[in-house]
Amino acid sequence: MRRAGAACSAMDRLRLLLLLILGVSSGGAKETCSTGLYTHSGECCKACNLGEGVAQPCGANQTVCEPCLDNVTFSDVVSATEPCKPCTECLGLQSMSAPCVEADDAVCRCAYGYYQDEETGHCEACSVCEVGSGLVFSCQDKQNTVCEECPEGTYSDEANHVDPCLPCTVCEDTERQLRECTPWADAECEEIPGRWIPRSTPPEGSDSTAPSTQEPEVPPEQDLVPSTVADMVTTVMGSSQPVVTRGTTDNLIPVYCSILAAVVVGLVAYIAFKRWNSCKQNKQGANSRPVNQTPPPEGEKLHSDSGISVDSQSLHDQQTHTQTASGQALKGDGNLYSSLPLTKREEVEKLLNGDTWRHLAGELGYQPEHIDSFTHEACPVRALLASWGAQDSATLDALLAALRRIQRADIVESLCSESTATSPV
């Protein structure tokens, strides 16, 4: 009996030990479930990856995931319960700096010249540094413009939100200062007329036969011809007056100038003589022809003994064409926007990113309903500029003024630098 009881007790202990082992293994399996959720059958619910949302949560069945739609929905977490979330829309004065993709939401930022107020979340216009103050921190994202009063030695003569205080101009040794530098205006310098450099003065009472210590002042309107060879100052024996001899280059300059002048005068006289002789022959030929005979063309060539042929009519037409072309190049098409090169207009379209073109349209006189109609076009900026460019008042000056009013000085500088680079001299 005792042996049977002992055997039963051992069996009970073995069963209890097996139950404990199974319980521990079952609890450990549940602890390794990353989601902490289980199906009705005890299976760990799986999580949806980044870019996927839960279409059907687990319960009777396992979790069902679906991919998020680009530019429509996104999911930036790994979850067994979160569905795809709708993308954020950039509205009003906001522009998109990063698009909405499957795993990341869109990132919006305020348009150029605006920043996001942290308290209201709205886009506010950047503060302008007044005259006498300069930029310390630029206006961007959630940071408004930070200005400072220009310290000594710097100035700012323009109110904007992009330029810091500039260092004052320091006049050179050959200049004199007309106006001091102030926090709101730069210093103004003027060239001093050229003078001879004074030499050291010998002590009084000395018997030195050196020349005068101060060279005479040369009037500013007279040009001084620099010498490449140093002036040599000698003293004639028995005389206190110095003898100044110039270098060889100074002696040759008048000779070269005389030869050049003689060549120019001779060439002008030769051309004048040939023209006078040609006119005389033309008059004699015209008198010998009948009255009803057609006069000779103005383009008749004039031959000289040297073999040089001059076509007076061609020269006249060429000069007239050159003057006309120069006048048109200087005058342009009345500075119309449509006269800009295609590449320059495309550059303006690229710079008008985000919703900046809406503000430009308002400055150009378009109503809100007309501005909204441009959004239906494939490229609203190009449609706006094409519509405005067709008007008679669509001048480049009007466009530059509108760009300055919306604080787009970068586009103004681009247009002005291009116009300067291509303008005729």
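Positions of Cβ are set from backbone N, Cα and C atoms, glycine also.
Model, not experiment: these values are computed from the prediction.
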**OP:** Could you identify, going by Swiss-Prot, the member of Cys48, Cys58, Cys68 that forms a disulphide bond with Cys65?
**Re:** Cys48
**OP:** State the residue range annotated as region 'Mediates interaction with KIDINS220' by Swiss-Prot; the candidates are 71-86, 327-342, 359-374, 407-422.
**Re:** 327-342
**OP:** Quick one: which of Cys150, Cys171, Cys181 does Swiss-Prot link to Cys168 by a disulfide?
**Re:** Cys181
Original post:
Hey, how far is Cys150 (disulfide bond) from Cys108 (disulfide bond), Cα to Cα, in Å?
Top reply: 34
Original post:
Cβ under 8 Å to the repeat 'TNFR-Cys 3' (109-147), counting only same-chain residues 6 or more beyond its ends: which ones?
Top reply: 92-97, 154-166, 183-184, 354-356, 359, 406-408
Subject >> Nonlocal neighbours by CB distance (under 8 Å) for Cys147 (disulfide bond), same chain, sequence gap 6 or more >> reply: Ser127, Cys129, Glu130, Ser133, Gly134, Leu135, Val136
Original post:
Least buried of the disulfide-bonded residues Cys48, Cys68, Cys108, Cys129, going by other Cβ atoms within 10 Å?
Top reply: Cys108
**OP:** Return the residue, from the listed disulfide-bonded residues Cys58, Cys150, with the maximum count of other C-beta atoms within 10 angstroms of its C-beta.
**Re:** Cys150
Original post:
What does DSSP call Cys181 (disulfide bond) in the simple three-state scheme?
Top reply: coil
Original post:
Counting all other Cβ atoms within 10 Å across every protein chain shown, which of the disulfide-bonded residues Cys45, Cys65, Cys110, Cys168 scores highest?
Top reply: Cys110
